[in-house]
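J.: Supplied in structure tokens, the structure appears directly below.
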Amino acid sequence: MALASTEKVVLGSIAFAIFWVLAVFPAVPFLPIGRTAGSLLGAMLMVVFGVLTPDQAYAAIDLPILGLLFGTMVVSIYLERADMFKYLGMMLSWKSKGAKDLLCRICLISAISSALFTNDTSCVVLTEFVLKTARQHNLPPHPFLLALASSANIGSSATPIGNPQNLVIAIQSKISFGNFLIGILPAMLLGVFVNALILICMYWKLLSIQKDEEDVPVEVFSQEEMNAHRFSPATLSHNSLSYDSLDLSSRLELMAVQSPHHMNGNLGHVEALRNRAISSETEIRKDPIVTLDSARNSNASKEAAKDVSTQVKEETILSKRFASMDRLIDKLSVRSSEGKEAFTTKWKKLLWKSCVYLVTIGMLIALLMGLNMSWTAITAALALVVLDFKDARPSLEKVSYSLLIFFCGMFITVDGFNRTGIPSTLWDLMEPYSRIDHVSGIAILAIVILVMSNLASNVPTVLLLGARVAASAAAISAADEKKAWLILAWVSTIAGNLSLLGSAANLIVCEQARRAPQFGYTLSFWSHLKFGVPSTLIVTAIGLALIR
């Protein structure tokens with residue numbers, strides 16, 4: 001593609017430069033509007049400057065990527081509600097031997113999950129969890145966030161469904177899933193190992209500092225709550241009864257029917273108390289007769305009156321104790337009802353969790369089968385919304401819509417920059433020196449892909465260079481054509497680790513980390529670049545030597 005008119009080249013470059021500056025420095029002093037607004041500003045300038053028409057700007061928005069990102073965000077929200085993070089934390093923290101061991105585990109799990117779930121999904125799901133784990137172990141989150149993002153990019157290179165650019169390459173090259181995996185898997189595994197080694201070497205001192213772990217809050221009952229859940233009739237007096245024996249008997253029989261099995265022991269004691277109450281009442285009913293007969297025989301009316309008065313007092317005391325026992329039985333009834341409700345709720349929650357995991361596994365199988373990635377993710381997300389059978393607003397409000405808007409603006413801005421002809425002109429200059437039948441040609445091709453992937457994004461780079469690189473390699477041999485496609489997939493993906501703007505996974509980790517409640521952390525452009533440059537160059541070189 002030839003260069004556009006001088007006016008479009010200059011104006012398009014200005015619009016792209018404004019977008020790039022605001023994306024790299026969201027709080028730049030002269031225009032502190034942030035990344036999202038900066039991407040929209042760059043897109044708007046492309047249209048206002050005439051580099052793109054409004055229709056071209058709308059067409060530049062990659063809806064499949066936005067749909068995939070939205071779907072994976074929703075799925076991750078429901079996975080969090082289903083306690084996936086808790087189980088994942090148990091797997092990562094199980095017998096952990098320190099910060100370095102934890103970093104290696106994050107690299108491995110991030111890489112494998114990215115190959116199966118895409119790198120965007122892995123970063124959405126794992127970012128906040130990595131922050132929580134680092135805080136729990138009282139460790140700085142910076143190296144662990146870098147491990148997550150970089151390993152997600154490296155791992156996603158192994159499969160056609162690992163990232164959007166691999167999907168484009170798989171469709172255009174018609175390379176099967178198995179051949180794609182076999183061709184890049186060795187490079188991916190060694191790349192993850194070397195990437196973790198680089199992180200450990202760069203942050204050795206930081207990871208070697210021994211700090212006490214923060215106390216993990218443990219849910220315990222207060223003494224009052226514990227007492228409220230205890231019931232021991234053996235501690236009560238045998239006179240602790242309520243009202244009359246018939247009413248007490250009926251209440252205890254009702255309790256025997258309604259109470260769960262774990263209260264049978266308590267009710268056995270209550271039954272003993274009921275028998276004592278009946279015996280006491282029988283004795284009380286016999287006592288008046290004896291008292292009246294002795295009064296007639298002795299003709300001592302005053303003594304009889306005194307005995308009757310004593311009897312009334314005893315019955316009053318007994319009535320009060322019967323009332324106390326009645327209140328206790330009412331409490332037991334309430335506890336029994338609450339126990340049944342808790343049991344039912346527990347099984348409903350367990351069933352719902354199982355459905356969430358099954359839907360997620362189904363989404364994974366569909367992706368492995370090569371079905372449309374974005375619609376598969378959206379379908380899984382909507383299936384979870386329906387299965388939840390509740391208002392989805394609280395869950396959907398957790399979606400990072402500002403990130404989706406950022407991508408919309410970025411697609412338009414990058415497409416406008418591509419239409420200036422600058423990226424394609426760069427390739428036209430380098431193509432004669434980028435033949436893959438020579439080591440020097442492979443090195444130059446890798447450098448071109450690295451630069452263009454970071455300037456124009458990896459997906460547009462693949463769309464622009466894919467057919468050209470394949471045609472150049474096909475002139476040599478069919479095997480070289482396949483190798484050229486795999487090199488393009490490897491380098492364009494690993495190029496995402498060079499800078500913070502290199503891939504969507506980096507931006508997701510950055511935005512998710514910044515917006516995480518209570519664990520917010522800002523991953524700066526320069527801190528990422530300090531690690532990204534050596535890691536990208538070394539890992540890329542390793543992959544180029546192993547890809548066949």
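Sequential numbering from 1, following the chain as shown.
In case you wondered, yes, glycine gets a Cβ from its N, Cα and C as well.
Just so you know, TrEMBL annotations never went through curation; they're auto-generated.
Since the structure is predicted, the reported quantities are computational estimates derived from the model, not experimental observations.
Annotations for this protein, taken from TrEMBL, read as follows:
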- 9-27: transmembrane segment (TRANSMEM)
- 27-495: domain 'Citrate transporter-like' (DOMAIN)
- 59-79: transmembrane segment (TRANSMEM)
- 180-204: transmembrane segment (TRANSMEM)
- 356-387: transmembrane segment (TRANSMEM)
- 399-417: transmembrane segment (TRANSMEM)
- 438-456: transmembrane segment (TRANSMEM)
- 486-509: transmembrane segment (TRANSMEM)
- 529-547: transmembrane segment (TRANSMEM)
J.: Can you tell me which of 9-27, 180-204, 356-387, 399-417, 438-456 gets the most C-beta pairs within less than 8 Å of the transmembrane segment (486-509)?
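T.: Looking at each of 9-27, 180-204, 356-387, 399-417, 438-456 in turn, the most contacts to the transmembrane segment (486-509) are made by 438-456.
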J.: Among 59-79, 180-204, 356-387, 438-456, 529-547, which stretch has the most Cβ pairs under 8 Å to the transmembrane segment (399-417)?
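T.: Counting Cβ pairs under 8 Å, the winner is 59-79.
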J.: Pairs of Cβ atoms less than 8 Å apart decide it: which stretch in 9-27, 59-79, 180-204, 356-387, 529-547 has the most with the transmembrane segment (438-456)?
T.: 529-547
J.: Quick test of the contact rule: Cβ under 8 Å, at least six residues beyond the ends. What residues does that give for the transmembrane segment (180-204)?
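T.: Distant contacts of the transmembrane segment (180-204): 100, 103-104, 107-108, 111, 115, 142-143, 146-147, 150-151, 154-155, 157-160, 166, 170, 482-483, 486, 489-490, 494, 497, 531, 534-535, 538-539, 542-543, 546-548.
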J.: I'm checking region-level scores; what's the whole-number mean pLDDT for the domain 'Citrate transporter-like' (27-495)?
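T.: So the average pLDDT across the domain 'Citrate transporter-like' (27-495) works out to 75.
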